[in-house]
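Student: Take a look at the following structure, please.
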Ligand code: HGA
């Protein structure tokens with residue numbers, strides 16, 4: 001999603017802005033731009049496509065100045081074009097925006113009637129013109145920005161820069177995240193701490209409704225009522241090496257390979273030396289919980305679907321799983337005793353955050369599972385459980401997903417312990433099994449050369465089906481999602497038993513059917529469904545273990561043998577072949593793996 005940066009520096013700011021925007025590239029974007037104030041004069045440069053186009057433009061048409069704002073745009077209103085790229089400008093004001101101004105049509109009509117000339121199709125441009133109207137009325141920049149913000153409906157992170165003001169940026173947050181970075185005689189603003197990582201580690205996160213008046217001397221913060229407020233400066237340790245590819249061709253490849261180590265970190269964080277589960281903040285009192293509502297989007301939603309199998313089976317608690325964008329407008333009843341759980345890698349997913357706010361005064365407790373502990377979702381939860389995956393840069397989530405699964409598995413086991421639904425030896429065995437997962441993930445990574453060879457064949461396909469049964473069903477959905485996200489091959493995931501109720505009509509010898517089937521208690525059932533596919537000429541790729549391959553591998557198109565894994569945690573391990581297949585298929589097709597078309601990371605608009 002859109003990335004915002006702002007710098008009041010003591011060096012030429014254009015290269016610093018472009019570098020900071022590069023660190024936000026991972027969010028996905030279609031165009032980019034910067035604006036600076038140089039000796040009072042406001043100017044801007046914008047380009048469509050990758051940041052290199054903006055850099056090239058700046059070589060031929062440089063932009064001087066030590067104060068500036070920058071933006072990577074993921075279009076919501078208006079096609080990716082130079083005219084629609086940010087910063088948007090009215091005469092004396094430039095603005096960059098993340099979010100959607102919902103009343104922009106009415107504002108635009110009003111401004112056009114007053115003589116404003118619009119250049120773009122965006123909602124954002126109304127903000128610049130509105131601020132200019134207030135400047136024209138003789139208001140100072142700060143009041144003009146304030147009066148502008150009062151008129152805006154919807155969600156935004158906004159950063160204003162003004163002609164004639166070399167030492168001023170105004171930042172505002174309603175719905176979309178924004179952070180202020182504190183330097184020595186320099187000040188910064190960014191969509192997240194990663195954007196500011198090499199510039200400063202001292203960060204203040206704007207709270208919902210906050211505005212910040214930023215000068216080189218520091219920042220003053222005001223709440224949504226305009227009252228001055230103190231906001232904490234935190235020291236954020238973002239390991240710069242975690243934001244680099246580290247010799248891998250793509251961030252996705254690096255993040256797939258990191259899974260054993262980051263999962264080890266996560267498990268050590270939550271499991272004591274003596275094998276007890278330790279949740280932070282006093283944990284969760286499951287004796288007071290009668291059901292769970294789990295809400296998320298995309299891959300995180302599929303992690304919740306997997307957790308439903310675990311929590312229901314291990315702890316005997318009913319679990320509802322919802323897509324956040326549906327949940328928030330359906331306004332479901334939240335029965336007493338409901339524990340509401342929100343899962344989001346970035347912790348900023350707009351729909352998930354809205355769903356959390358809907359539950360805030362209704363659920364017994366709000367728990368979140370996030371990768372960014374300073375995120376809005378974490379901060380608005382009663383209890384935030386970090387997944388400790390480290391910065392995830394690739395748009396397609398990999399280590400984020402498996403670390404979410406690991407933390408949710410621990411939640412399921414802790415619920416079972418408190419509710420007495422597992423005896424002590426069984427619980428201890430499951431915890432030990434979970435602890436063994438990093439080693440098993442390493443063994444799964446060793447199958448990569450074979451996965452790569454199969455992926456080359458898969459890249460010829462135009463449609464692919466994924467099948468799974470039990471907790472492998474959400475993984476079939478995840479395998480299909482990953483493949484379509486980055487290789488653009490149409491893929492669907494189905495519950496194996498559901499195949500004959502419709503999708504089997506799609507099967508012919510051009511449609512690879514990927515069957516995710518460890519040799520577990522449901523293996524025979526899944527194999528029967530697989531036989532139904534093969535009987536109709538379908539090409540089956542069986543992803544199984546050595547026993548599964550020995551029993552059912554004969555006659556399949558391809559067989560991929562995974563290491564042994566305890567049945568309960570097979571979805572964690574089988575995520576890896578699904579990820580590696582998608583990755584190598586995308587590489588074979590030559591797509592933009594880390595920033596697939598039309599997609600964005602940290603989905604901060606609804
Ligand atoms: N609505 C604005 C900004 C879009 C955005 O925030 N995307 O993440 C536009 O379309 O330019």
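For all residues, glycine too, the Cβ spot is worked out from N, Cα and C.
Positions annotated as active site, nucleophile by TrEMBL: 2. The active site, for Fru-6P isomerization activity feature in TrEMBL is assigned to 601. Taken from TrEMBL, the feature domain 'Glutamine amidotransferase type-2' applies to 2-217. If you look up TrEMBL, you'll see 282-421, 454-596 marked as domain 'SIS'.
How buried are the listed features, and what sits near them?
Tutor: Under DSSP, residue 2 (active site, nucleophile) is assigned to coil, being neither helix nor strand in the three-state scheme.
Classification of residue 601 (active site, for Fru-6P isomerization activity) by DSSP places it in coil, neither helical nor stranded.
Shown for the domain 'SIS' (282-421): DSSP residue counts in helix, strand and coil, namely 63 helix, 28 strand, 49 coil.
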Student: What Cα-Cα separation, expressed in whole Å, is found between residue 2 (active site, nucleophile) and residue 601 (active site, for Fru-6P isomerization activity)?
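Tutor: Cα of residue 2 (active site, nucleophile) to Cα of residue 601 (active site, for Fru-6P isomerization activity) measures 9 Å after rounding.
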Student: Give the residue counts of the domain 'SIS' (454-596) per reduced DSSP state, in the order helix, strand, coil.
Tutor: 73 helix, 29 strand, 41 coil
Student: For residue 601 (active site, for Fru-6P isomerization activity), what residues in its own chain, 6 or more apart in sequence, show a Cβ-Cβ distance under 8 Å?
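Tutor: Those within reach of residue 601 (active site, for Fru-6P isomerization activity), by Cβ under 8 Å and sequence separation of 6 or more, are 1, 26, 27, 28, 346, 392, 393, 394, 395.
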Student: On the 0 to 100 pLDDT scale, where does the domain 'SIS' (454-596) sit on average?
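Tutor: Its mean pLDDT is 95.
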